[in-house]
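Read the structure below first, then the notes.
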Amino acid sequence: MFPPPPADLDWNDIGFKVREESVAVNGHVECHFSQSGNGQWSAPRFVHSPYLSIHGMAPGLNYGVQVYEGLKAFRHSNNGKITIFRPNRNAKRMQHSAEVVSMPPVPEDLFLDCVRLAVGANAEFVPPFESGAAMYVRPMLFGSSAQLGLSPPDGYTFVVFVMPTGVYHGVHAVDALILEDFDRSAPFGTGDAKVGGNYAPVLRHSDRARQEGFGITLHLDSATRSEIDEFSTSAFIGVLRDGDKITVVLPASRNAIDSVTASSVADIARNLGYTVEKRRVGYEELNTFDEVFAAGTAAALVPIRSITMRSKGDKFEYRTGDQAQGGEVFGKLLKTLRGIQSGSTEDSMGWNYEVSAPPKEWLEEGSAETVDQSGTTVP
């Protein structure tokens, strides 16, 4: 049994941001790899610091040789267990992303070990179930050896950071704006990889949309501007209603990442008796959906009130319920998803990976220092 969360923190107002002044976790997990060394990943090491020691000429800083993941750990409501939601899917997705930017993939077993160790070493910061918050887990992989030339580097660093967070977009419905002056990814580009370079360019567009009252932005395909790709922060899910028949629709786009949350929602929908379609979704279909929501690890599920495309003068509105917290189908899917994650609903699909306390000697071997590519400890 893990220790309970600190009682002096306001877990209901934790927000989706780093709060080092009030919630300083114990540290992160770190591994290293060198092509010229033994070609093997080092054993996971616990570092009692939120900082990394990295050379200024590391290609992860200069050339975008970097990928990351996002997943969550939850404290169960009935027995105090802590579990991580579907980390095996994130491990496989990171392997794909690494290959896209020419990095050696992190073995799945090592990924799972490091994620479990990072959560277990910071277990007291997993929020209480009733708060609706969770522990956000951020694995990162980047080229870390000093290099000037543009070629795959020799050294790589894999780290796992954690922090308690709330829900990214909140719990109420938001309005979406289709971005027409920016393409998130090119056909046959990096859109299906979780690389930082896919996200930084959209920030100014999302910020401008937010100032204009839009809580989220939506991307069409770059080639034809006629099909739905994904939201800037999450996957697109639409709900068609024909009498009592419910169909849940997910876009099949090679320019979008393989969303773990959207895939989970699709499986839940099937179990609830809904029809699920993963296919190309044309822009003209936006006026046929009864409900629309965004799905992602940070956002969970977010109901979409409307989608606007200014050049056409279109504004499509969707059912979001009396309290603007989602329509009927949204509510059933979210309730089931949260129930599985929190342990209050049976995990019949085996999605939850239980966390145990790390060995005491492993924690004691950790330090307040990181290690450079030569294996030298750096303050």
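Every residue gets a Cβ built from N, Cα and C, even glycine.
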Annotated region 'Disordered' segment (source TrEMBL; candidates 311-333, 357-379): 357-379
Distant-in-sequence Cβ neighbours of LYS194 (N6-(pyridoxal phosphate)lysine), under 8 Å, six or more positions away: VAL67, TYR68, GLU69, GLY70, ARG93, MET94, SER97, ILE257
